[in-house]
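Student: The structure follows.
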């Protein structure tokens, strides 16, 4: 098979996979502008026969959409910020400091990535309930303090920061805090951007853990709040599609901001891994 034919086949496969992935979101977007009667109709079309904004305008009447959205945004931003900073700290220490047991610690961190998240639910739930942190945003943020994936990704990146630059900074009298914040972090912007997108997406779409830990409706996040549209006597599909469409916007905005560095950072981490 010639190289040109291989390229055409590869691009064709990627195109099919891309359309398969994107099409449900496109359907959801257009369905958000359809009345419920048309959504439930057996004769379906991609574009609405009757365009309407009622699904969007009635969101706040169905449930406290603004509050749920704000709660999710605050929690996702807090989790992302905490995870990024702790991953940078741990990654830098494991990459640039020489001490006994460093490789063992890194191996243990890699080992935690092999444990299914579901296995830790009961121990975490029991622990946070014993600490009196149920129905608190701390119960959502604290589990994200250390990320095995984040530490691995940043450690791999920071290992490539030239030691000569760090030694030159130390000779000039720079403190370790200055070196970390002013030299190492700027040189690791690409993997940090990639990790930011990953972590924000995971925090934003998390459903099970907030559902278990948050009891108060005014503290609940949007992923759990979307279940309001499904009731005993039916589902408000129009409202559900409208709310879900809006809920995608923060992730899309974060990706658009960091997309160039995300691609570079993810590719670099894959090569080094």
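From the backbone N, Cα and C atoms, a Cβ is placed for every residue, glycine too.
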Student: Tell me which range among 42-62, 105-125 TrEMBL lists as transmembrane segment.
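Tutor: So the range that TrEMBL calls transmembrane segment is 105-125.
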Student: For the transmembrane segment (68-93), give me same-chain residues lying six or more residues beyond its boundaries with a C-beta closer than 8 angstroms to one of its C-beta atoms, as numbers and ranges.
Tutor: 109, 137, 140-141, 144-147, 150-158, 180, 184-185, 188, 192, 195-196, 199-200, 203-204, 210, 219-225, 246-247, 250
Student: Can you work out which residues elsewhere in the same chain, 6+ from the ends of the transmembrane segment (105-125), have a Cβ less than 8 Å from its Cβ atoms?
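Tutor: That would be 90, 94, 143, 148-149, 151-152, 155, 208-209, 212-213.
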Student: Any residues 6+ beyond the ends of the transmembrane segment (12-33) with a Cβ under 8 Å from its own?
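Tutor: Distal contacts: 39, 46-48, 51-53, 55-56, 237-238, 241-242, 244-245, 248.
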